[in-house]
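Some notes on the structure that comes next.
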Amino acid sequence: MSTMLIAVILLTLLALFFGVLLGFAALKFKVEGNPIVDELEAILPQTQCGQCGYPGCRPYAEAIANGDKVNKCPPGGTATMEKLANLMGVEPEPLNAEAQSQVKKVAYIREDECIGCTKCIQACPVDAIIGAGKLMHTVLTADCTGCDLCVEPCPVDCIDMIPVGQNLKNWNWRLNAIPVTLIQETPHEEKRG
């Protein structure tokens, strides 16, 4: 046999041995996760924004499982908070007062200063920044959660967080709709006389 064939066979056997060893170690030393944390994390919006005071959705889910409040997720809103409260069996509370009092902000890239490094795109957890390498980037304001994670990695500091004012484009018309009460028609009684 040639030395090349011996080397290939030897490497294949070595890879097979270590593969079996790793498979055994994975089964023997398997760490069971907390299933309630997995369920809580599935409910959270996965923006990894840190507005709750934790570095991501998984740590916040672990904190909720350990008894922290369920009302600290501004991107998730009231619907997420109610689902979390239902799962944990606690009373729903209004969203965190700090989160509600803050004006919603979105990222704004000063495109004339942008060098197209793509670091902000990589940092954005919701893909709200579009652009390509060596070209200017821009933010899709409808998708931006205002998490502020894109500001720090920018090497030329061309990203600002600006407050979003209400205008015709972002006004929630259904929220401020005029209440309408439907009246059921009743058969009229015939006039006598």
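Note that Cβ sites are derived from N, Cα and C of the backbone, with glycine treated the same way.
Of the listed candidates (Cys117, Cys124), Swiss-Prot assigns Cys124 to the same [4Fe-4S] cluster 3 site as Cys144, Cys147, Cys150.
With Cys114, Cys117, Cys120 listed by Swiss-Prot as binding [4Fe-4S] cluster 2, the candidate from Cys73, Cys154 annotated for that site turns out to be Cys154. Cys117 ([4Fe-4S] cluster 2 binding site) sits 19 Å from Cys144 ([4Fe-4S] cluster 3 binding site), taking the Cα positions as reference. Here the domain '4Fe-4S' (32-90) is broken down by DSSP into helix, strand and coil counts: 30 helix, 0 strand, 29 coil. The [4Fe-4S] cluster 1 site, placed at the center of the C-beta atoms of Cys49, Cys52, Cys57, Cys73, has further neighbours from the same chain whose C-beta lies within 8 angstroms: Leu44, Pro45, Thr47, Gln48, Gly50, Gln51, Tyr54, Gly56, Tyr60, Lys72, Pro74, Pro75, Gly76. Residues 46-49, 140-141, 143-156, 158-164 of the same chain sit 6 or more residues outside the domain '4Fe-4S ferredoxin-type 1' (105-134) yet have a Cβ under 8 Å from a Cβ within it. Long-range contacts of the domain '4Fe-4S ferredoxin-type 2' (136-164) within the same chain: residues 45, 47-51, 75, 103-130, 170, each at least 6 residues beyond the stretch ends and with a Cβ under 8 Å from a Cβ of the stretch. For the binding-site residues Cys49, Cys114, Cys117, counting C-beta atoms within 10 A of each C-beta gives the highest total at Cys49.
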